[in-house]
Every structure is written in C-alpha cells, then in structure tokens.
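Straight from TrEMBL, the features:
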- 1-47: domain 'MIR' (DOMAIN)
- 55-111: domain 'MIR' (DOMAIN)
Amino acid sequence: MLKIMNTDLRLRLHSHDVKYGSGSGQQSITAVDVSDDHNSHWLVRPAMGETCKRGSPIKCNTNIRLQHVATKKNLHSHYFSSPLSGNQEVSAYGDDGGEGDSGDNWTVVCNNDYWRRDTPVKLKHIDTAAYLAGSGRTFGRPISGQGEIVGVTSQYGAYTDWQAMEGLFVHPSDLLPHQAAIHTEL
C-alpha cells in the first residue's frame, strides 16, 4: 500500500466516492497536494489473470492494478474524454470486491530492473497505450482545487513521472543482487 506523487506537479494520486458529471460517469481520479489524506492510498495488485508473491519486488515492465484502498475501485482508463482538458479520462472502476476489467491494467515503465521508491516511473495503460499524467488543470466544485488526472499518448510529455511516497512496503525475504543494507524497490 502506498501513495504515489506526480513529480512535476508535486501532487498525489487521489480518489473518493465522487462521480464524474460527464464522460463515463465513473468515480473520479484526481490529485491533491497534501500528504496526509487517507483517500490517496493505493494497493498494488497483480494485473487481472496474473499472480504475484506478496513482498516480491515489482520488476520494470510488470503489469499491475492499483486499487484505491478506501473505495476498492481500480485505477482505470478507456476512450472517454477527460472533463477539463479533453485528454483521455482516468477513472476508478470495479465492484465492491475490487474486480473490474482489462481497463484496470497498467504497465510499470522504468529504467531500472525494479520499481524503486527513489526513482520515478511511468504507468502505461495496457488497453489504450496512454500514460498516466496530470493535466495541470484543477477542478471547481465539488472537488475544488484538486488536479485533473488523464491519459496522454506520449511518455515524453510533461507530468507523466510518478514516484512512490508514503506507504507500507513489505521487504522480500531474500536480498536482490544490487541490494546492500537499504531496500528501495517496491
């Protein structure tokens, strides 16, 4: 379980039980600048149809799901327009048990062997090939001041880097070859 922050905007990925008033009408995904909001916790889960061992480091190019801890919905995307910028909408989707569909699957894109807590990653949506990003725009009511989260076509655009921040990290039982006394990968 962790919080992830957009490194350019300095905003944490966030959700709550507020639906979009347009597009899919699904639960909204936003970004906030506070570090202590419980609605910014995400659980890293294997992609649909895949398994993983708890505590195993996440290799780069691994497919995952991010489940919003408070509502049990998964970070999701699809071909709807985002409400403020007109990019690709990112929402939260799934049933009360956290099960959704293939639109919940994301690939961890990084330059190391593993997703490390001290290095930004990109999250690429598997179904649409869009990268998770902030748009730089903020919402008005009912979620005033929260940043819009979108999918964009290029990983090289602004606002596509995400870094693991606060959270609960389970150490693997065996150290990896590049590890000494410090544990930095997720």
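Cβ coordinates are placed from backbone N, Cα and C, and glycine is handled just like the others.
Mapped onto DSSP helix, strand and coil, the domain 'MIR' (55-111) counts 3 helix, 25 strand, 29 coil. Look at the domain 'MIR' (1-47): DSSP puts its residues at 3 helix, 25 strand, 19 coil. In the predicted structure, the domain 'MIR' (1-47) carries a mean pLDDT of 94.
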